Amino acid sequence: MVLIRVLANLLILQLSYAQKSSELVVGGDECNINEHRFLVALYEYTSMTFICGGTLINQEWVLTAAHCDRDTIYIYIGMHDKYVKFDDEQGRHPKEKYIFNCSNNFTKWDKDIMLIKLDYPVNYSEHIAPLSLPSSPPSMGSVCRVMGWGAITPTNETLPDVPHCANINILDHALCRAVFPGLPATSRTLCAGVLQGGTDTCNRDSGGPLICNGQFQGIVFWGWYPCAQPRVPALYTKVFDHLDWIQSIIAGNTDAACPP
């Protein structure tokens, strides 16, 4: 899965346009058909163009990246092959969308997260099940799983019909600060990748999950172009640091207070 990468000067000046909205997993393999029951695919509804991944966290809610937002979205749940439909595959429209917009102790790097309430609940099935929210943040060095229908080549946008999966590592935040000028030391993001290169999220992997020890720890957010370069990790929105907001919105408090 290779994330959309941008030149350093564009990264500094145009954060909102440099995200991995089109990134795919580079260096991975086709996911096992039953290992991504929570992975959803977001399409722009009017053109039915694939735009991003997302993660089902219960029967009514999907968590994805804010930069994946579009005026019209259609969500496929339980999909593996884009062109071969499972009997239990389901489709939903957003009923409500909530984008994190807190300013206290949160910078522009910390806000790429969106909750989508589905127009009606999904039915869990052989290919559909939620992913658990984290009970604690991941530790540095953790081996984590990334997945998506994003680009599988570092430079040419070769998009697969099926999701690809790969293992990457949680890395020292200082490595990402060296790559992404302006990234604060206190950023509520995770730095993850493979230091020797060759494996990464990429274009159109945006919004998909970073899974560590079976828990939903990160959302594909930002990376470099070309993807999968040595010593160039990627950034993932840190789900654990947004838990209070997520749980408040799901509980019906749409005016949820910003986390500390």
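Including glycine, each Cβ sits where the backbone N, Cα and C put it.
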Swiss-Prot annotation, disulfide partner of Cys144 among Cys102, Cys191, Cys202, Cys212: Cys212
Record Swiss-Prot, residue Cys202, disulfide partner from Cys176, Cys227: Cys227
Swiss-Prot annotation, disulfide partner of Cys258 among Cys68, Cys102, Cys165, Cys176: Cys102
Cα-to-Cα gap, Cys144 (disulfide bond) vs Asn123 (N-linked glycosylation site), nearest whole Å: 27
Cα-Cα distance linking His67 (active site, charge relay system) and Cys52 (disulfide bond), given in Å to the nearest integer: 9
Pairwise Cα distance for Cys31 (disulfide bond)/Asp112 (active site, charge relay system) [Å, integer]: 25
Nearest of the recorded positions (Asn101, Cys102, Asn123, Cys165, Cys202) to Cys176 (disulfide bond), judged by Cα-Cα distance: Cys202
From Asn101, Cys102, Cys165, Cys191, Cys212, Cys258, the recorded positions whose CA lies within 10 Å of that of His67 (active site, charge relay system): none
Other CB atoms within 10 A, centred on Cys102 (disulfide bond): 15
